[in-house]
Amino acid sequence: MPKSSPLRLGVNIDHIATVRNARGGRHPDPVRAALTAIEAGADGITAHLREDRRHIRDNDMERLKAEISKPLNFEMAATPDMVRIALGVKPHAVCLVPERREELTTEGGLDVVGQRDSLAPSIARFNDAGIRVSLFIAADPAQIEMAAKLKAPAIELHTGAWCDAITDDEPAKVAEEWRRIVAGAALAQSAGLEVHAGHGLDYATAETIAALPQIVELNIGFYMIGEALFVGLGETVKAMRSAMDRGRARVIAA
């Protein structure tokens, strides 16, 4: 059994900004949400500055970096403009993701194999700047191995297909996707990569995946913002932290 590391919770506050932007103005404030999440136990804050600025804005990233006490994870497409902005903000970490304007949310993992020549310079620039790079990828061996070759310190495994299969009550696909995640986490750790996971996670799936000892960080947003409408963001963060701790305890007890 691989030794377990502490499991961090990164709270994605994008959809606080989605609500704000529905009417314009400054409320609800994503930075206030980030501070609330941290007070409730979040280990870091994730925000995605999309090229179309549909939720998070440039000023949000600058304020988050200046005002929060925990690490900022800057999600972004690996475009020259976004690389320039991120280097200016100097977050603790960046997560490179695929991005299409017509999508409602990030729909798949980054094609590191196909885009290795364009990704390599960006990864190198962030490494040189002391900004931790993670690549948001499917649990595919070729993608994981290429991430290691490009000297990305970390990957974030895309858990969306697994979570969708659970929602759609497709047990065979659930089992298949879970096997891919388990194998991918083990391969990534053996390749020297720090392993994160995210997309579509809720209390139950976060508790399940927390039992994988290789995974050291979960980034969760949409579900938590939805739950916060009913019980408040602070209570939602505490409940998610508890779910993760229950899952992690199964590793410790094993």
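Just so it is clear, glycine is given a Cβ too, placed from its N, Cα and C backbone atoms.
Listed in Swiss-Prot for this protein:
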BINDING   N12, R23, G200, G221, F222  3-amino-2-oxopropyl phosphate binding site
BINDING   D14, H15, R50, H55, T105  1-deoxy-D-xylulose 5-phosphate binding site
ACT_SITE  H48  active site, proton acceptor
ACT_SITE  E75  active site, proton acceptor
SITE      E156  site 'Transition state stabilizer'
ACT_SITE  H199  active site, proton donor
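Candidate recorded positions: R50, H55, E75, E156, H199. Nearest to G221 (3-amino-2-oxopropyl phosphate binding site) by Cα distance: H199.
A simple way to gauge crowding: the CB of H55 (1-deoxy-D-xylulose 5-phosphate binding site) has 21 other CB atoms within 10 angstroms, across all the protein chains here. Within the same chain, no residue at least six positions away from R23 (3-amino-2-oxopropyl phosphate binding site) has a Cβ under 8 Å of its Cβ. Checked against D14 (1-deoxy-D-xylulose 5-phosphate binding site), the recorded positions E75, H199, F222 differ in C-alpha distance, with F222 being the nearest. When the recorded positions N12, E75, E156 are screened for a C-alpha within 10 angstroms of the C-alpha of R50 (1-deoxy-D-xylulose 5-phosphate binding site), the residues that qualify, in sequence order, are E75. In this view, E156 (site 'Transition state stabilizer') is surrounded by 28 other Cβ atoms within 10 Å of its Cβ, with every protein chain counted. For H15 (1-deoxy-D-xylulose 5-phosphate binding site) paired with H48 (active site, proton acceptor), the C-alpha to C-alpha distance reads 10 Å. Taking each Cβ in turn and tallying the other Cβ atoms within 10 Å, the top scorer among the binding-site residues G200, G221 is G221. Between the CA atoms of H199 (active site, proton donor) and E156 (site 'Transition state stabilizer') there is a gap of 9 Å, rounded to the nearest whole number.
Checked against E75 (active site, proton acceptor) by C-alpha proximity, the recorded positions N12, H48, E156, G200, F222 yield H48 as the nearest. Long-range neighbours of N12 (3-amino-2-oxopropyl phosphate binding site) (same chain, six or more residues apart, CB within less than 8 Å of its CB): I45, T46, A47, H48, E75, G198, N219, I220, G221, F222, M224. DSSP classifies H15 (1-deoxy-D-xylulose 5-phosphate binding site) as helix under the three-state reduction. Sparsest Cβ environment among the recorded positions D14, E75 (other Cβ atoms counted within 10 Å): D14. Residues N12, R23, G200, G221, F222 are listed as the 3-amino-2-oxopropyl phosphate binders, and the farthest two of them sit 26 Å apart at their Cα atoms.
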